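Pulled from Swiss-Prot:
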- Asp55, Tyr56, Glu57, Phe58, Asp59, Ser105, Leu106, Glu137, Arg160, Glu194, Lys310, Lys334: NAD(+) binding site (BINDING)
- Lys139: active site, N6-AMP-lysine intermediate (ACT_SITE)
- Cys428, Cys431, Cys446, Cys451: Zn(2+) binding site (BINDING)
- 615-696: domain 'BRCT' (DOMAIN)
Amino acid sequence: MEIKKRIEELKNNQTGLTFYSSQELNDLEKIVKLREDLNKYRDSYYNDNKSLISDYEFDILLKELESLEEKYPQYKEISSPTTSVGASLKENKFKKVEHLHPMLSLANSYNIGEIVEFIERIKKKIPKEQELKYCLEVKLDGLSISLTYRQGKLVRAVTRGDGFIGEDVTENILEIASIVKTLPQAIDMEIRGEVVLPLASFEKLNNERLEKGEELFANPRNAASGTLRQLDSKIVKDRGLDAYFYFLVEADKLGLKSHSESIKFLESMGIKTTGIFELLETSKDIEKRINYWEKERESLPYETDGLVIKVDEINLWDEIGYTSKTPRWAIAYKFPAHQVSTVLNDVTWQVGRTGKLTPVAELQEVELSGSKVKRASLHNISEIQRKDIRIGDRVFIEKAAEIIPQVVKAIKEERTGNEKVIEEPTCCPICNHKLEREEGLVDIKCINEECPAKVQGEIEYFVSRDALNIMGLGSKIVEKFIDLGYIKTVVDIFDLKNHREALENIDKMGKKSIENLLNSIEESKNRDYDKILYALGIAEIGKVTSKILAKASKNIDKLMAMTFEDLTSIEGIGEIAANEIIAFFTKEKNQKIIQGLKEKGLKFEIKESEASVQNVNPNFVGKNFLFTGTLKHFTREQIKEEIEKLGGKNLSSVSKNLDYLIVGEKAGSKLKKAQEIPTIKILTEEEFIELKDKFD
């Protein structure tokens with residue numbers, strides 16, 4: 001059901017609304033309002049060069065929307081601000097062009113605890129013996145830009161746009177004095193950076209506009225964006241825009257092994273960088289530099305809204321991975337938002353679908369950013385202990401990238417001695433079962449497979465829109481069915497038809513609603529294999545990964561039989577995901593659920609129409625391919641599609657699992673690494689075509 005239809009349905013039943021359906025109505029109306037507002041703010045920010053709210057306030061609203069969409073996954077939409085970058089471009093004189101490589105955004109963090117978590121996630125994804133270094137750079141508050149050089153000549157400049165399509169502003173970029181038009185070497189490269197208006201130029205510009213009676217720019221970022229989109233290039237030249245660059249796309253093709261090397265390379269080409277670049281090794285080092293730059297940023301000649309932390313080693317980036325919006329190997333630290341202090345009265349614990357316990361601070365009500373606040377996030381018990389936060393403390397709270405505010409720190413100077421240490425719970429607050437914490441991890445979990453909170457979360461996830469999309473099983477109905485004993489596992493959903501008479505006696509369950517629910521349950525048996533995989537709720541396995549697994553395994557029996565090596569050889573499946581998959585299928589409970597779902601009629605296999613293999617090439621089936629350098633006969637996407645069509649798999653890095661490396665012009669470090677592994681066959685583009693045509 002579409003969200004607006006559900007809202008209308010609830011509104012038409014105002015007299016019969018329960019507390020829970022009333023809450024649902026409020027939440028759904030909030031989702032619609034948040035989407036409308038966030039899209040309006042993005043459109044104004046990216047297309048009209050006007051900030052209607054601060055970045056900080058935008059992040060709060062976005063996080064609130066993310067949380068509500070997680071609560072009501074059946075109403076998620078592809079067009080939601082939570083799943084896209086930038087904004088759709090308006091029609092103007094600038095040509096719309098596709099980025100050669102998507103311009104992703106960065107995940108935001110607002111406290112050092114999130115940086116610590118970021119680093120811990122990185123460590124889990126790579127071998128323990130791997131030494132890690134992190135690059136710390138200032139985050140400029142300007143207009144993101146991508147420059148393309150061909151044979152050393154600047155040929156194209158494109159704005160971020162929506163991350164996939166931007167505006168060609170080459171003519172105006174050429175008017176910025178600091179932009180290098182011709183490189184000292186005749187090379188091809190793409191670089192990313194930020195166009196800014198220096199603070200001195202911003203002040204001068206606004207003074208001039210004030211004298212002319214013109215509207216003042218709210219901030220340097222809006223001024224820079226508005227200037228770069230001027231129809232008259234002379235205005236761009238006169239206003240004194242500047243540009244700093246921080247990223248070299250596909251630096252490994254130029255033989256560079258680290259981000260720090262790529263920055264030095266850019267500087268050797270005359271490309272302007274901020275010059276603020278630090279290599280650090282630990283979260284403690286990063287915390288020290290964050291504290292330093294929070295004070296020193298005011299001395300910089302341009303506006304900055306935070307810092308960026310990146311893994312330095314380029315060859316680790318693919319292994320660490322990406323989300324649909326952001327790289328997992330980089331994170332932005334946003335400088336602190338407005339803080340207020342209040343008293344921590346108590347701590348309550350919430351239990352999620354996976355059994356994870358989350359501590360919530362119960363606060364003395366206080367106003368923050370125009371709203372009343374009485375609850376805040378405490379993240380996890382490790383954060384509580386690290387910050388030494390106690391019940392009765394006066395604490396600083398701030399609104400950042402959280403649905404609710406977060407507790408930043410305790411004001412220890414105001415302690416009276418009556419404060420109580422927050423104890424780590426030993427029993428689940430819902431089912432009273434014992435809790436466990438895996439060695440080296442921060443989360444406490446309820447391990448009772450029958451915990452009502454976990455069961456309800458699993459059911460809601462299973463029936464959500466992106467999974468089996470079963471209409472009529474909202475949170476309160478699921479809770480009711482669990483209480484009545486009709487549902488203990490997801491398999492029981494398909495036996496609800498046996499309780500038709502009993503269902504009719506449930507408050508608010510009319511015959512029509514029951515009929516629609518049972519029909520929706522029956523229809524769900526025909527969902528695609530990848531949807532059913534996603535619905536199982538395997539940790540680390542989202543929508544995209546489910547598609548990858550479905551395509552690679554063809555059916556669940558083959559997937560369940562896969563070894564760790566089999567799984568990690570699949571492009572897009574890392575070590576953490578592989579371990580989670582194996583752990584999931586090893587559990588007897590999950591094996592029984594899968595068998596039960598099969599018996600109910602769910603098809604854990606790719607449909608015959610999807611599994612056509614008429615185009616496969618015996619030379620490609622089961623083989624792993626990778627290409628490097630510039631290809632003459634294919635674009636990157638074309639060659640990937642060709643390989644997959646013929647039965648092969650695309651890898652993103654050189655490893656012992658690679659069978660063929662296709663080498664184009666100006667091949668980078670991948671060629672050198674492949675030459676060190678005797679089992680890898682190295683092909684020219686022409687040899688690849690010959691291999692393909694043998695059975696094409």
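Cβ coordinates are placed from backbone N, Cα and C, and glycine is handled just like the others.
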Of the binding-site residues Asp59, Leu106, Arg160, Lys310, which one has its Cα closest to the Cα of Cys428 (Zn(2+) binding site)?
Asp59
Cys428, Cys431, Cys446, Cys451 excluded, remaining Cβ within 8 Å of their centroid (Zn(2+)):
Val351, Gly355, Pro429, Ile430, Asn432, His433, Leu435, Ile447, Asn448, Pro452, Ala453, Lys454
What Cα-Cα separation, expressed in whole Å, is found between Cys446 (Zn(2+) binding site) and Asp59 (NAD(+) binding site)?
31
Looking at the recorded positions listed here (Asp59, Leu106, Lys139, Arg160, Lys310), whose Cα lies nearest to that of Cys451 (Zn(2+) binding site)?
Asp59
Average model confidence [pLDDT] within the domain 'BRCT' (615-696):
81
Could you check the binding-site residues Leu106, Cys431, Cys446, Cys451 and say which one's CB has the most other CB atoms within 10 Å?
Cys446
Which one is it: of the recorded positions Asp59, Leu106, Lys139, Arg160, whose Cα lies the shortest distance from the Cα of Cys431 (Zn(2+) binding site)?
Asp59
Please report the number of other Cβ atoms within 10 Å of the Cβ of Cys428 (Zn(2+) binding site).
23
Fill in the CA-CA distance, Lys310 (NAD(+) binding site) to Lys139 (active site, N6-AMP-lysine intermediate), as an integer in Å.
12
For Arg160 (NAD(+) binding site), the number of other Cβ atoms found within 10 Å of its own Cβ:
23
Could you find out if DSSP has Asp59 (NAD(+) binding site) as helix, strand or coil?
helix
Treating G and I as helix alongside H, and B as strand alongside E, what does DSSP give for the domain 'BRCT' (615-696) in helix, strand and coil?
26 helix, 17 strand, 39 coil
Round to a whole number and give the Cα-to-Cα distance in Å for the pair Leu106 (NAD(+) binding site) and the residue listed as 'active site, N6-AMP-lysine intermediate'.
11
Distance between Asp59 (NAD(+) binding site) and Lys139 (active site, N6-AMP-lysine intermediate) at the Cα atoms, whole Å?
16
